[in-house]
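Trainee: From TrEMBL, for reference:
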DOMAIN    1-211  domain 'ABC transporter'
TRANSMEM  301-322  transmembrane segment
TRANSMEM  334-358  transmembrane segment
TRANSMEM  379-405  transmembrane segment
TRANSMEM  411-435  transmembrane segment
TRANSMEM  444-464  transmembrane segment
TRANSMEM  545-565  transmembrane segment
Amino acid sequence: MGASGAGKTTLLNVLTARNLSLLQVEGTVKLNDREADVEAIKAFSAYVQQDDLFLGTLTVREHLVFQAMLRMDKHYSKQERLFRVENVMKELGLTKCADNIIGYPGRIKGISGGERKRLAFASEILTNPSILFCDEPTSGLDAYMAESVVQVLHDLANSGRTIMCTIHQPSSEVFALFTQLLLLADGRVAFFGDVKSALNFFSDLGFRCPSNFNPADYFIQKLAVVPGNEIECKKKINSICNHYESSRYFQENMPNEDLVPRAGSTFSSPARKRLIYKASWCTQFYNVWKRASINIKREPIITVVRTIQTIGVALLLGLIFLHQTLDQRGITNINGALFLILMTMTFQNTFSAINTFCMELPIFLREHQNAIYRVSAYFWAKTLAELPVFIILPIVFVSIFYWMVGLNPTATAFFGTVLIAILVANCAGSFGYLVSCISSSSTIALSIAPPLLGPLVIFGGFFLNNDSVPVYFIWFKYLSWFHFGNEAMIVNQWINVRNISCNHEFTGGFMTNSSFVTDENTCLRTGKMVIRNFDYQKDHFLRDILLLAALLVGYRVAAFLALWAKAKKKT
């Protein structure tokens with residue numbers, strides 16, 4: 001216990017060897033009077049962090065089965081893992097809500113706050129750890145829920161586990177459930193021992209706790225730094241800490257030197273000389289893919305909203321470009337409609353990828369830090385699970401928009417457009433993944449994505465002739481799926497068009513005043529003339545398809561490397 005900023009969470013991070021990159025740590029951590037290495041600590045302990053992070057679309061049982069499949073030792077059979085899940089749910093009182101959706105507070109109704117906290121405990125004790133660290137287990141809970149959660153921890157301690165919690169101003173009922181008390185103040189130990197001894201220690205210093213007062217509140221008040229009176233408060237804190245270090249309570253807590261092994265003797269876990277995963281890569285891949293697939297089916301943002309958005313946008317744009325004709329005015333309109341397919345596929349899939357991926361990033365980082373799965377297993381499993389979305393929605397959009405506009409009615413042209421739309425949608429999704437992985441939050445990702453997309457759109461060849469671009473900027477077009485996608489769309493649409501009406505004259509694809517038209521050659525009479533007008537090559541379709549596929553792979557690999565670097569930084 002301690003006031004805010006006393007060092008409670010920092011102490012837990014040191015004991016569990018987490019988030020130490022910005023800390024200078026001295027001293028040692030010992031288990032059974034032997035110095036413990038990081039691997040041993042991770043092998044014998046579990047850490048329930050303050051924030052409960054779950055995929056809210058899963059049920060309680062589905063979440064625990066996922067954890068059991070990836071966290072329990074390899075020698076356990078599937079039936080033994082499922083049996084363990086049922087036992088843990090029974091032990092923590094989760095059986096009644098086993099098939100309820102976990103939910104997202106304020107968005108998807110699910111289990112209660114107390115049940116979420118017990119689910120967090122259940123996730124960690126599946127592996128039956130000897131030590132359980134809990135950071136603020138009662139945070140955000142009402143008095144009744146807080147007491148029930150701590151009672152669960154008390155029962156776990158009685159079953160033979162060591163439970164260590166940080167807690168902030170517990171009620172007297174909750175405080176009475178703990179057996180040992182460590183008081184921190186300004187990064188120092190103010191007291192360590194049982195609660196009765198703490199009352200005696202403070203009483204000896206002249207701080208007698210009133211009989212009708214909650215001891216927890218009293219201790220916090222005496223060790224708090226009051227704004228405006230910092231100097232006096234810190235003097236009092238230092239005095240209390242100094243008295244403790246010279247007291248008999250401190251001496252009683254010092255280890256017996258006769259029992260401490262010689263230097264070099266360590267408590268280590270030979271089987272965990274590095275961060276070893278309990279499940280094979282294939283098992284990790286399959287279970288992450290299965291969980292991601294369930295999430296996609298049940299997540300309303302992915303399923304309902306995106307489907308409605310796709311159909312609605314296709315109908316609206318189709319009405320705007322309704323029934324184009326093969327004349328000179330229609331050339332510009334049709335080319336604009338083709339580029340609009342690329343734009344729609346890009347913005348729809350880039351921002352949806354950012355929204356969904358950023359939402360899951362905190363869960364991924366925590367689970368990876370707990371050695372549940374590898375970065376590669378998570379990334380490629382999630383990619384495979386979301387692939388149907390990036391295929392089906394482009395097909396739906398093109399199927400509606402294509403025929404409303406009146407584009408090339410041949411089956412070859414239609415399926416060619418569908419293929420291009422699918423590749424562009426996947427390129428955009430990969431780009432969204434990349435932006436998500438290099439950003440620290442969804443807000444930042446959504447802020448930097450539009451400026452990054454701008455140059456890619458400009459170098460697509462529709463708004464700007466690439467031959468007029470300065471040589472030091474021309475490389476942008478090779479990063480733009482708009483460049484290859486637009487050429488493929490134009491070639492696919494016009495390659496087999498033999499006759500275009502000349503009742504409206506255009507020059508360079510833009511309408512001119514017909515009174516100035518004197519040369520019959522200004523009329524684009526065939527599809528091949530339209531292709532040449534864009535400086536495109538009619539035999540580049542296959543090349544553009546392959547380059548779109550290469551861009552898809554390139555952006556996806558770049559996103560994976562960015563995610564791997566982020567995970568490594570957090571580990």
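Cβ atoms are placed via backbone N, Cα and C, with glycine included.
Map these features onto the structure and tell me what's around them.
Mentor: For the transmembrane segment (334-358), the residues of the chain that approach it from at least six positions outside its boundaries are 299, 301-302, 306, 309-310, 313, 317, 321, 324, 386, 390, 393-394, 397-398, 401, 405, 407, 417, 420-421, 424-433, 435-437, 439, 441-442, 445-446, 449, 453, 457, 460, 462, 481-482, 485-486, 489-490, 493, 509, 530, judged by C-beta separation under 8 angstroms.
Long-range contacts of the transmembrane segment (379-405) within the same chain, counting only residues at least 6 positions beyond its ends with a Cβ under 8 Å from a Cβ of the stretch, are 284-286, 288-289, 292-293, 295-296, 302, 306-307, 310-311, 313-315, 317-319, 321-324, 334, 337, 341, 344-345, 348-349, 356, 360, 414, 417-418, 421-422, 424-426, 429, 556, 559-560, 563.
Among residues of the same chain six or more beyond the transmembrane segment (411-435), those with a C-beta under 8 A of the stretch's C-beta atoms are 338, 341-342, 345-354, 357, 386-387, 390-391, 393-395, 397-399, 402, 445, 448-449, 452-453, 481, 485, 488-489, 492-493, 496, 541, 545, 548-549, 551-552, 555-556, 558-559, 562-563.
Outside the transmembrane segment (444-464), and at least 6 residues removed from its termini, the chain residues within Cβ reach (under 8 Å) are 335-336, 339, 342-343, 346-347, 350-351, 354-355, 358, 431-432, 435-436, 473, 476-477, 479-483, 485-487, 534, 536.
Nonlocal intrachain contacts for the transmembrane segment (545-565), taken as residues 6+ away from its ends with a CB within less than 8 angstroms of a stretch CB, comprise 364, 375-376, 379-380, 383, 419-420, 423-424, 426-427, 430-431, 433-434, 436-438, 479, 481, 484-485, 488.
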Trainee: Limited to the domain 'ABC transporter' (1-211), I'd like the whole-number average of pLDDT.
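Mentor: Its mean pLDDT is 89.
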